[in-house]
Amino acid sequence: MFEHETVLKMESIEGLNIKPDGIYVDCTLGGAGHSEEIVKRLTTGHLYAFDQDDVALKHASERLAPYEDRVTFIKSNFVHLKDELLARGITQVDGVLFDLGVSSPQLDEAERGFSYNYDAPLDMRMDRSRELSAYHVVNEWPFGDLARIFFTYGEEKFSKQIARKIEQARAVKPIETTFELVELIKDAIPAPARRKGGHPAKRTFQAIRIAVNDELNVFDRAVQDAIDMLAINGRICVITFHSLEDRICKQVFKEKSQHPPLPPGLPVIPKEFEPELKLITRKPITAGDDELEGNRRARSAKLRVAEKQK
Ligand SMILES: C[S@@+](CC[C@H](N)C(=O)[O-])C[C@H]1O[C@@H](n2cnc3c(N)ncnc32)[C@H](O)[C@@H]1O
């Protein structure tokens, strides 16, 4: 069973403001929870759905089989969204959705190595045809790079101590599994700190996953390309799960929704000075109590929506 509890489902569908004849892009198909809501609302419109994970694509295409004439599945990293769409003759779209991160099945499939709760080989690749895995990062990256990613991608206070432990352990023998890594992390964090702020390996695992999948760089590039592809009045909706992703989204939306410096004394803002985007959400939308009760993952979710106006 491929079960992923879709986060902020109706809020993002409302954010996309779907037109039955519009062209939509779901950059993160996953279990197709959002995609299903999009295709249900289309008549002559079409959905282009991206995922880099074969397992997700297989299950999602089964779920969306009743709507197969309205959806095209694309196995690709969303960083290539512009090229993939242009290759299919699509030059403008009416809405783009990003629901970032990993899906619950990815986390729960022990052998994918995403979770510190299951013992598995170190992997964490969303796209298993790629070479770089958690094993390479943990066993081959220099101390300085490890400490840097644990600090910047994991916001881990004990980044250097953890990197040092890893360096010492792998000098003896390679670190093969998630549980071996968890033990090293626990050893590196002083006992009082280990008891605070959730599982001690949470931040380090997040950092390695971001590095393996180059998540922040691809999102930064893709969000700009997605905005470029939007038609006038087209909408972009982004659901993020940690502050680093949200910061990128907020920054790009902010830059593109501010008008350039205006000549002094203008009574109204001329069309050519209008910014590219209008913010639909000034503050991000978060999950309501009902959703939070049923889905722990929703706790950190933030949805931002913007509309192309120029
Ligand atoms: C949180 S899940 C999406 C869940 C989906 N919205 C639903 O309701 O079922 C994120 C999905 O996006 C995929 N993904 C993450 N980053 C990606 C990227 N850069 N390119 C393509 N797919 C990506 C993951 O493989 C995962 O299946």
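Every residue, even glycine, has its Cβ placed from backbone N, Cα and C.
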The annotated region 'Disordered' range in TrEMBL, which must be one of 257-283, 284-310:
284-310
Recorded S-adenosyl-L-methionine site residues ALA32, GLY33, HIS34, ASP51, PHE78, ASP99, GLN106, farthest C-alpha pair in Å:
18
Other C-beta atoms that fall within 10 angstroms of the C-beta of GLN106 (S-adenosyl-L-methionine binding site):
21
Within 10 Å of the Cβ of HIS34 (S-adenosyl-L-methionine binding site), how many other Cβ atoms can you find? Include all protein chains, please.
27
Going by DSSP, is ASP51 (S-adenosyl-L-methionine binding site) part of a helix, a strand, or coil?
strand
